[in-house]
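I have placed the structure first, in the form of structure tokens, so that the comments after it can refer back to it.
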Amino acid sequence: MSEISVIILAAGFGTRMKSKKAKVLFELCGEPMLFHILKKAYEITDNVNVVLHYDFENIKNIVLSKFPNVKIYKQDHENFPGTAGALKNINLNSQKTLIICGDMPLVKTAELKKLCKGETDINLSVFYAENPFGYGRVINKNGKILKIVEQKDANEQELKENCVNAGAYCFKTDILKQILPLIKNENSQKEYYLTDAIEIALQKKLKCQAIEVAEENFMGINDKFALSKAETIIQNEIKENLMKNGVLMRLPESIYIDSRAKFIGECELHENVSIIGSCVIENSIIKSSSVIENSHIINSDIGPMAHIRPDCEISDTHIGNFVELKKAKVNKIKAGHLSYLGDCEIQEGTNVGCGTITCNYDGKRKYRTKIGKNVFIGSDTQLVAPVEIQDNVLIAAGSTITKNVEEGSLAISRIKQENKPGFFAKFFKEIK
């Protein structure tokens, strides 16, 4: 039997999000909010459970793809709605059971561990709210907790209380098993509230303790405004940690960094940069208004206003303004401006001229372009894939390359220029 099990309640409909998408799947810094909570749970125990209902199969598959050992349960919402109803069919097999909500991504592991300490029968997380509206009130008399009343069921006097339920509990599991069958749905919503467990426990002379936690860490995400507030908080935490560990950021408040991104060595991010997905940035400079997605960048400078799309590997390279790469593997090259390099491999010493395009799509499928070492590509060149350019090749500006080019060659593909003397005056005279 494990010492602690964690149960994450994620069965709610999330109607205030005003979306068909399940609330716990809304992303914060690149990952679903439920993932943020699951990571914290696994820092406490390997015995982690999630209760779902709405969009069950979809959420289940998404969770198991990242956390394959999570035990997933489906709430019988028709017969047992509410937070206590969510626990009806769970296999409770630990000494203590920590119960947390799936919409509290800001919760800290240290506070959850504090909630699990001690020998009391029930530990309840509370905070003193400046504005308690919407929270369940923790009703007490002379410091003794009497009960928890939901906002919609509280009377006028109870609504004046500002000690509120933060939404996390730690039960001795044997106590939880005793209390769950005793919880009734005698309230305005006809739901089974886990908060009623406190009142039942006190009637049984069990020991209940309020554990004060930080309000900002237990903020529930109930609408998209709260979602934006939570993402701002997580962004600030990510950037503060990175800057303290050596990443230089200019105007950090304008920068977006995915929670999965990694930075190695001495890196620099300029204003309005977005780092999206599982990027790895090593000893590189990302200049103003550039976007990097799911790519690995080493010893390079990118931008300003460059777009590095997914699955790029860039090393010892200069990528300039208005250059877009996608599924590109490039090493020790220069692409200064206004180019699209997709589905390609470019080797060291190559210079990509302004306006170069790898034409990688024929309307049915994608094709790759291979470019060797020390290739000079003139401006306004189109490389129609599939095509291979071998080493030491010069491609004349304005060329459309449709055939492979052998090593050491000049490739030129354009109409011969013809000048017609006196044409300007003749042409405009006819117009008049």
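Backbone N, Cα and C atoms are what each Cβ position is placed from, and that goes for glycine too.
Sequence annotations record features per position, and here Swiss-Prot assigns region 'Pyrophosphorylase' to 1-224. Taken together, the residues of the region 'Pyrophosphorylase' (1-224) have an average pLDDT of 93.
Counted within 10 Å of its Cβ, the other Cβ atoms near LYS326 (UDP-N-acetyl-alpha-D-glucosamine binding site) come to 20, all protein chains included. The feature UDP-N-acetyl-alpha-D-glucosamine binding site is assigned by Swiss-Prot to 9-12, LYS23, 82-83, GLY136, GLU150, ASN165, ASN222, ARG309, LYS326, TYR340, ASN351.
Annotation note: ASP103 (Mg(2+) binding site) sits in a coil segment as assigned by DSSP. Annotation source Swiss-Prot lists Mg(2+) binding site at ASP103, ASN222, citing sequence analysis.
When Cβ-Cβ distances below 8 Å are used as the criterion, the region 'Linker' (225-245) is approached by residues 17, 26, 28-29, 33, 36, 105-106, 216, 219, 252, 255-257, 259, 263 of the same chain, each at least six residues removed from its ends. Residues annotated as region 'Linker' in Swiss-Prot: 225-245.
Per Swiss-Prot, the feature region 'N-acetyltransferase' maps to 246-432.
As annotated by Swiss-Prot, active site, proton acceptor applies to HIS337. Cβ contacts within 10 Å of HIS337 (active site, proton acceptor), excluding its own Cβ and spanning all protein chains shown: 17.
Under the heading acetyl-CoA binding site, Swiss-Prot lists ASN360, TYR361, SER379, ALA397, ARG414. Look at ARG414 (acetyl-CoA binding site): DSSP puts it in coil. Same-chain residues at least 6 positions away in sequence with a Cβ under 8 Å from that of ARG414 (acetyl-CoA binding site) are, in sequence order, ALA396, GLY398, SER399, THR400.
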Pairwise CA distance, ASP103 (Mg(2+) binding site) versus THR83 (UDP-N-acetyl-alpha-D-glucosamine binding site), rounded so that it is a whole Å: 13
Euclidean distance between Cα atoms of TYR361 (acetyl-CoA binding site) and ALA11 (UDP-N-acetyl-alpha-D-glucosamine binding site), Å: 43
Binding-site residues listed as LEU9, ALA11, ALA397, least Cβ neighbours within 10 Å: ALA397
